[in-house]
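Asker: Swiss-Prot feature annotations, pasted as is:
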- 65-110: disulfide bond (DISULFID)
- 181-233: disulfide bond (DISULFID)
- 280-344: disulfide bond (DISULFID)
- 468: phosphotyrosine (MOD_RES)
- 588: phosphotyrosine (MOD_RES)
- 658: phosphotyrosine (MOD_RES)
- 659: phosphotyrosine (MOD_RES)
- 771: phosphotyrosine (MOD_RES)
- 163-180: region 'Heparin-binding' (REGION)
- 1-23: signal peptide (SIGNAL)
- 24-379: topological domain 'Extracellular' (TOPO_DOM)
């Protein structure tokens, strides 16, 4: 609770955890004293933009407190009083630091105490020479420029010593750090890293790190104070070894209340019907909460019976609002009622700041009377000619298609074919972005099949395959003699999947066997099955690798059947993984006393959702549309890492009968967006709809969406705007995120980037002790029971609301008030 002498009162609830602060308004209330003149807001609370001073380590630094009539001047750093020492000298209004170091970075303040009042100036000091997170521009001038002119064997040597001169790196927390050790040798040397003299492993650091062997670099993102230390790169081959050591110092950021740029927002004038915008630049290390407030009148008065002003919150940060969006207030189609006082209010865990501006509305100038002119016959003629040409083109296309259709041979009416040889060159289908890495040109034939068709009509198309040829891809080809096939894992769209052991498929462990999954064709596979499997393999090559998708590890394409080697997920698909971990009483089986394999917490479910959002964000960045995102298509590894699968499958979206069940009994329509369901339009936003259903599956521990709802009834309910109820043990914020994913208009749904940001924030603020209270029966989520617990549902086995208002689906019992949620 913060109060001012002028009578302005704001109450904020601030949550701070792990360096992240989140400010939310407890009450959208601003109280100003009636004696305060609106034209002259109290300047004592308007903090001007602080002076920024930067210095390199070892340089002198001087700050001057330019405040007049000071009886006494005191200095503080990050709120702690400063005094003279062997490095710091205070003389009058000057503060001098002899040799600056990274620990001198922070927020400095000088306070001048006068006879009747006091004043304060702020300085931001930054003593660092840090790498930026995008500091990869020098990756292209690495050791690749050095090529051995001869085959002479030699020990490793440094190729760019100028990039290694800086040994001390002092960076602020949350920055990205990159250390480079460009080297060369013959044979090509290997590189490994030590931290403080010990082997540096991924598990030694939260978030891990990246090693780019081709650029001889180590990259650590979002560094924290625990990352301080000495980092040594060791480059060696059989002829020698060299090493180089860097020292990393991480400087913690200095906390302070939000600082608003002076002069913003500025007073503005606009004519009736025009547009106007107010800009409020906020500087805050901790996450700020920003609101735009307008002083309004009620019944001709600006103040109520209790003497408090009437206020209206125009704009506040929501679940999917970024700081850049909230810093600007747009007013469209201005009217005289929009004139008045507007306030930008910013607060964080340290304090609150605000600036005020005025909007003046002017009457619109009278328009001169326009006299009608003669029609532009030339423009009319151009339009008519254009329409005629378009009609001719459409007619030509229709006639060509009809002609091609009549020429197609009817093989069913031909006599039996005893022998036919054909070659089918399948071209690469580029469905991802142009910058995606690929090992072959897009015009390279993927596979050439030579087949012999049997005269028996019932024989499979490839039952008599004599050969098929695939060009060898050295980047992905894996030796067959190092692959040992194991037990079957199941049957997929193109054939079967088996477990296998691959020796040396991990380049960092060339002699160790790694458990993998191998996709292969069945004996009765068709040409389409083969082409689909090849297409899936090529799609996975182009998309690249990510932690939260099933990655391609290699392929066996030569001298034998086609094997596609992918990552192995030992814990199966997410749907069964969640069901196996339900508390007793939620099982489908009769054994209600069975103890679940692991005890799930609320944070576990949020983490699962966050990982899948990151995987979908990566696929969206590669221009890949999944089209079948569901818990059954997510696999779980031994370390509980979520991996999205089947994103490279070829799907015939034009020949799907959505009114029939699939072979495993699940209806794909329950995960499909309305535009995909009714119009066969698949976009990244239709994947967002499916992600909302996937969230519902996660927070019901593998529940079936829309249990017991017939498909025909489901179509009707979706068109009427009905949506599923909030699952138990799901917060209102997460449920509102699901509802945002289920917006009827695709453009109103959040992007995966926004979902990642929101889930990252929720995950950071979630404790580990929030265990799920799911011991009750599962009738709300099980297709075997009617829904009797939902507060807004009726009928057997329904998850919808009874008697919804037109275009207004049933929501949980809370309402939106000026961008906030009232419960």
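Every residue, even glycine, has its Cβ placed from backbone N, Cα and C.
Keep in mind it's a predicted model, so treat the numbers as computed, not measured.
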Asker: Spatially, which candidate from the disulfide-bonded residues 65, 110, 181, 233 is nearest to residue 344 (disulfide bond), comparing Cα atoms?
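Answerer: That would be 110, nearest by Cα distance.
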Asker: Under DSSP, is residue 181 (disulfide bond) part of a helix or a strand, or is it coil?
Answerer: coil
Asker: Going along the chain, which residues six or more apart from residue 181 (disulfide bond) have their CB under 8 A from its CB?
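Answerer: Looking at Cβ-Cβ distances below 8 Å from residue 181 (disulfide bond), excluding near sequence neighbours, one finds 158, 164, 191, 216, 217, 233, 235, 244.
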Asker: Helix, strand or coil: which one is residue 280 (disulfide bond) in, per DSSP?
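Answerer: Note: residue 280 (disulfide bond) is coil by DSSP, not helix or strand.
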Asker: Give the number of CB atoms, excluding that of residue 233 (disulfide bond) itself, located within 10 Å of its CB.
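Answerer: The answer is 24 other Cβ atoms.
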Asker: Name the secondary structure element type, per DSSP in three states, that contains residue 65 (disulfide bond).
Answerer: coil
Asker: Just to confirm: which same-chain residues, 6+ apart in sequence, have a Cβ under 8 Å from the Cβ of residue 280 (disulfide bond)?
Answerer: 260, 261, 264, 265, 290, 292, 327, 328, 329, 344, 346, 355
Asker: The region 'Heparin-binding' (163-180): mean pLDDT?
Answerer: 86
Asker: Let me know how many other Cβ atoms fall within 10 Å of the Cβ of residue 65 (disulfide bond).
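Answerer: Cβ-Cβ neighbours of residue 65 (disulfide bond) within 10 Å number 22.
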Asker: Please work out the number of neighbouring Cβ atoms within 10 Å of the Cβ of residue 344 (disulfide bond), leaving out its own Cβ.
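Answerer: The answer is 26 other Cβ atoms.
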